[in-house]
């Protein structure tokens, strides 16, 4: 059908594929004709935001992507960094937000499966998983259902496939009601002599389909992930994939065995957009074409048409390009593992994706048109910050009631500082996530150094590897964290995003790890709305600056936009802008690490970093005063670098016995968490002169960057304080000493006026049981 003939589709049919009228006109121009149904579907998924980043690509160009340890940056299935000693780490973060909103168990489970495939497709064995989760208020029954389902899905897939879930974060806020965020990060250690890339090459080389069969599950998942959610989204359950973790375990082993033969030229996971994405991306990256015969594809359902084959997102499937003549060698490996493996196509010289079905051409599209030369929207940025931000920035702590050493009066009732601390510890965002991580197998593979909740970052031991005829013994480990304070980013996307990077690096430094590199997951609302695009643009600017300042290049990641829920009136309610940073760090000696809990009674407690904090954007302000306003703390990167380096070097010198980032809830919450992690009390004296410069609640619960709480053996006090004076000047404070197991957390002024005295038992009850109580378990 020529380009001048009438379109064979109605505007509604075109819109149903996620294609705008002007995009359809561009498709017709490029093809020189109208597309058929299968081709329209292919363009719909490949031109979705989920696949082509048409609104975010110009912003992502700001990110630093190179560095001395970066082996593979953005553009491949996962980033790879050099750990030294012949060890290489692959890592990546991805989202499965929309599927988890309509089918939480399978949505979250297949999110785990998809990110694991990104890792082992590179030739790396998965060694760890982390997750970053966001939900609405835990008092809401719908949130409880989503939360329970997501956690069950993550634990089911990860536990069955045998990869430990070693860390993560969980936030609860009404901003995520109906639109949860499920971001999953995976790490893998390279096992193959060469990193496996995804660009096809070698004209005449066979194209192999391996793994599971193809069905109708996950139809149009990429387009589904690029639209707002509504009450009718439950009807989109067919767009949610169904995973098989036991099959994935076999796929891991078969792929790694196949890669080691040297018979594989390129490999690509069939994730979003399934066969369409894998064929077009492999062809475009290699500057070649791929011809694929759908009649060769193993199916689990009868009567499938090309549109369904091409858009199916059935899980646990891969596409390989093999060296000609060695295809049977690979097929035998997959059959031995009980998996499908067939030659389904060929690499061709013409740079097109040609799909055959029942002896005829079902689709024929230039590969670049699908995977590289896709639409790009450079939107106009607001000339000034939006009104909601300007109003929030006008807030001042002067509007809060007056503080005294006894507490603060809220709505006519005096609340003591002790009561406020217990309330914060009982807040689901701050409280222990033991209800979550007890469902995860976090020790499978026997390389997990810290149990979840025991340190500010996960630490994984690097076991001796057999490769290329030698055994590599090492004391090295990797640390990993996922972080984002979305309230900070909502109130000031630029400063908030910088703070995300700083906190991730700080968490790694608290376990003694040198921050190396970043993978990011950008979760935002609609970029087509001026406020949404302003938030996205400013956050990307902040992330880029933070990564440059802390020398942590970005190796890749994921963009998830249109995270909005339509209310009953049809008005879109966007989530908080949530740029999650996954960061990895290197530990050269696993005997030189520490957790967040106090270790020994009599150890001296110090606060490294700035003493001045703010209540703007704080957990205290949101929880106790029900106010989301103010500006988040501004990041001082010079101080951040110095504080983090002092912490790392203190750990390496065996001076620092515990280290904990002061984050949500401020200093006193950090003190309480260190008491609970070590099951030891503490006696703290806060300088009363500080309260002349700051409100008392700012001193206790204010938040700020570059602040780390550490404990040091009393025998090392003189050496440590000399070191602090040399490297931090006045930017540190001695706070007090660690108590016994039966001691309280006692916070006093320097003239011994009591501010807080609370037992470990009482804190423990609020902190450990907050989530279970709300779930009525």
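Numbering starts at 1 and runs along the chain as it is shown here.
Cβ coordinates come from backbone N, Cα and C, glycine included.
Over in Swiss-Prot, the protein carries these features:
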| type | residues | note |
| --- | --- | --- |
| ACT_SITE | 50 | active site |
| BINDING | 53, 92, 520, 557 | ATP binding site |
| BINDING | 94, 558 | Mg(2+) 1 binding site |
| BINDING | 95, 96, 97, 98, 117, 241, 313, 314, 315, 560 | substrate binding site |
| ACT_SITE | 96 | active site, proton acceptor |
| BINDING | 118, 269 | Mg(2+) 2 binding site |
Recorded positions near residue 117 (substrate binding site): from 50, 53, 269, 558, Cα within 10 Å gives 269
Just to confirm: which same-chain residues, 6+ apart in sequence, have a Cβ under 8 Å from the Cβ of residue 315 (substrate binding site)? 110, 113, 114, 212, 217, 218, 241, 242, 243, 244, 248
Just to be sure I understand: of 50, 53, 269, 520, 557, which recorded positions have a C-alpha no more than 10 angstroms from the C-alpha of residue 94 (Mg(2+) 1 binding site)? 520, 557
Where the distance is taken from Cα to Cα, which of the binding-site residues 92, 97, 118, 520, 558 turns out closest to residue 50 (active site)? 558
Relative to the Cα of residue 557 (ATP binding site), which of the recorded positions 95, 96, 97, 118, 269, 313 have a Cα no more than 10 Å away? 95
A 10 Å Cα radius around residue 53 (ATP binding site) captures, of the binding-site residues 97, 118, 269, 558, exactly 558
Hey, of the binding-site residues listed (94, 118, 269, 313, 520), which one tops the CB count within 10 A? 313
Taking just the CA atoms, what is the gap between residue 520 (ATP binding site) and residue 558 (Mg(2+) 1 binding site) in Å? 6
Rounded Cα distance in angstrom between residue 97 (substrate binding site) and residue 558 (Mg(2+) 1 binding site) is 12
Spatial neighbours of residue 118 (Mg(2+) 2 binding site), counting only the recorded positions 92, 95, 96, 313, 558 and Cα distances within 10 Å: 92
Using DSSP, would you call residue 520 (ATP binding site) helix, strand or coil? strand
With every protein chain in view, how many other Cβ atoms are within 10 Å of the Cβ of residue 96 (active site, proton acceptor)? 32
Sorted by position, what residues of the same chain at least six away from residue 92 (ATP binding site) have a C-beta under 8 A from it? 77, 78, 79, 115, 118, 119, 185, 186, 519, 555, 556, 557, 558
What is the nearest of the recorded positions 95, 96, 313 to residue 269 (Mg(2+) 2 binding site), using the Cα of each? 313
In the same chain, which residues outside the set 53, 92, 520, 557 have their CB within 8 A of the centroid of the CB atoms that define the ATP site? 60, 74, 93, 94, 519, 521, 522, 554, 556, 558, 559
